[in-house]
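Copied over from TrEMBL:
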DOMAIN    12-135  domain 'Phosphotransferase system enzyme I N-terminal'
COILED    36-70  coiled coil
DOMAIN    163-234  domain 'PEP-utilising enzyme mobile'
ACT_SITE  198  active site, tele-phosphohistidine intermediate
DOMAIN    264-549  domain 'PEP-utilising enzyme C-terminal'
BINDING   305, 341, 463, 464, 474  phosphoenolpyruvate binding site
BINDING   440, 464  Mg(2+) binding site
ACT_SITE  511  active site, proton donor
Ligand code: PEP
Ligand code: MG
């Protein structure tokens, strides 16, 4: 049994992958990578210096190639992340700029690389979109591996760890994470990273607990310290007391029993007690996540976010590249449906890190459909790729950030042009493809009756809808307590959207995080929302909750909810009415 030998300390980070593990810390070093000296290189030696840099890139690529080849079968679904890193080695931002810096500033390759990466970091850290910010991590991982080769530092081989440990690292690159042997690595904690980082995604797919973004955990934890990682709560306990060890051992056992129940039940249908079948689908960002949606018993993909391919690329992705990824998803999920959302980023920043387009409020700026309508060629390329994929299964198109009716008309015009061009080329697509819009801007919710005339379905994006309706930044910790899905105003807005959809005879989905919390489900069912999409891990608990509810009862319940004047009032009502169901351990151990 592990023994406490010091003073207990708790630190909080980002809960990136659920579960609990208890064990000894193993620090993965970055020696030689962070401390780099600057020196000047004589003009006549610059060619040699550039050659040294190119050799380091080549060596780093060879190493990564070897890792890709040796990637165990379990992990091959994530090989694309490593392949993305292969592309980044030759990225103009990284490769081209470093060579330019060596030449222009006559400095050593290490310093040039460090300068270029610092600029990339600074640029990304200004972005409010956490998704984009975390993508900068890919560039940093790639540059670290080049730097290691430049400075001749030893590469830590995670694959050769000989005992059971919990990894503690500044950051783990996808290449490093892919070498994890499940029988040796119980979990990991890092200074950097976030939920949407590749490392977080990989941890979830390996189903090992991980807490990321702990800022300075590598300075606090020492090798062989006993640590508890609670990846569900995002907490790391260093040198736990004996009492904490016992408590977490028990929680770990309960969590594992809970996971077993979940996997046994995840394939049961989401059918209410009064026999109404609901659709519970998964949200994905990477084609590979489709496997998790299936494993968790999802009824399809309710939201396929398509930004990643644009960011991981040094230029705009080609129609064929997009089509290949969309088709990969369609092939796996068919006959279930997949809703592909068109690009929802501030495109200039996504595709060109060098862009100096500066927006004071990018979340309210040239993003989503606004960006696509300004760049019809890029939009059309994506639409053609989606249409081509639609020939192979049940595909829907979803337009993000719609704030006025004209945007739908304009987008549909471009969609028709894309369809006509395919027609002329004799390329197959689904001529009856459904086109829907995200309802995530209050103006779209208020004009839902007008919007409904031009679309086949609504998908309520509560992440943004709550942010914009309550004027609460969804990524600002200072106001996180005001971000309330069960706020009476949010409930009324959702009711309005659902009522309009019903009266207009169109489908309404909900794909924001609100849909994935079992506590919200009695309210959503009462409002008439019967098609939900959520992160894949939330699917089993949501289905289980739905199986415990009756639509008739929920309809009666909602009339009481609508009388409440505060979030607290609504939450108390939910607790008082459904507390006995919500106290089931399946909803509390996850
Ligand atoms: C939303 O806004 O609710 C949504 C699902 O989209 P995203 O989280 O990608 O903004
Ligand atoms: Mg959104």
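From the backbone N, Cα and C atoms, a Cβ is placed for every residue, glycine too.
Automatic prediction, not curation, is the source of TrEMBL annotations.
Feature map: TrEMBL annotations on the structure.
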residue: 341; record: phosphoenolpyruvate binding site; Cβ contacts under 8 Å, 6 or more apart: 303, 304, 305, 306, 398, 399, 400, 438
residue: 440; record: Mg(2+) binding site; Cβ contacts under 8 Å, 6 or more apart: 400, 401, 460, 461, 462, 463, 464, 465, 468, 512
residue: 474; record: phosphoenolpyruvate binding site; Cβ contacts under 8 Å, 6 or more apart: 463, 464, 466, 467, 483
residue: 511; record: active site, proton donor; Cβ contacts under 8 Å, 6 or more apart: 283, 302, 303, 339, 438, 459, 460, 461, 532, 533, 534
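Outside the coiled coil (36-70), and at least 6 residues removed from its termini, the chain residues within Cβ reach (under 8 Å) are 79, 82-83, 85-86, 89-90, 95, 98-99, 102-103, 106-114, 142, 145-151, 155, 159, 175, 178-179. DSSP assigns residue 474 (phosphoenolpyruvate binding site) to coil, not to a helix or a strand. In the three-state DSSP assignment, the secondary structure recorded for residue 511 (active site, proton donor) is coil. Close contacts with ligand 1, defined as a Cβ under 6 Å from any of its atoms, occur at 440 among the binding-site residues 341, 440, 474.
Across the annotated binding residues for phosphoenolpyruvate (305, 341, 463, 464, 474), the two most widely spaced Cα atoms sit 20 Å apart. Proximity to ligand 2 at the level of Cβ atoms, with a cut-off under 6 angstroms, picks out none of the recorded positions 305, 341, 474, 511. The secondary structure of residue 341 (phosphoenolpyruvate binding site), as reduced to three states from DSSP, is extended strand.
In the predicted model, residues of the domain 'Phosphotransferase system enzyme I N-terminal' (12-135) average a pLDDT of 80.
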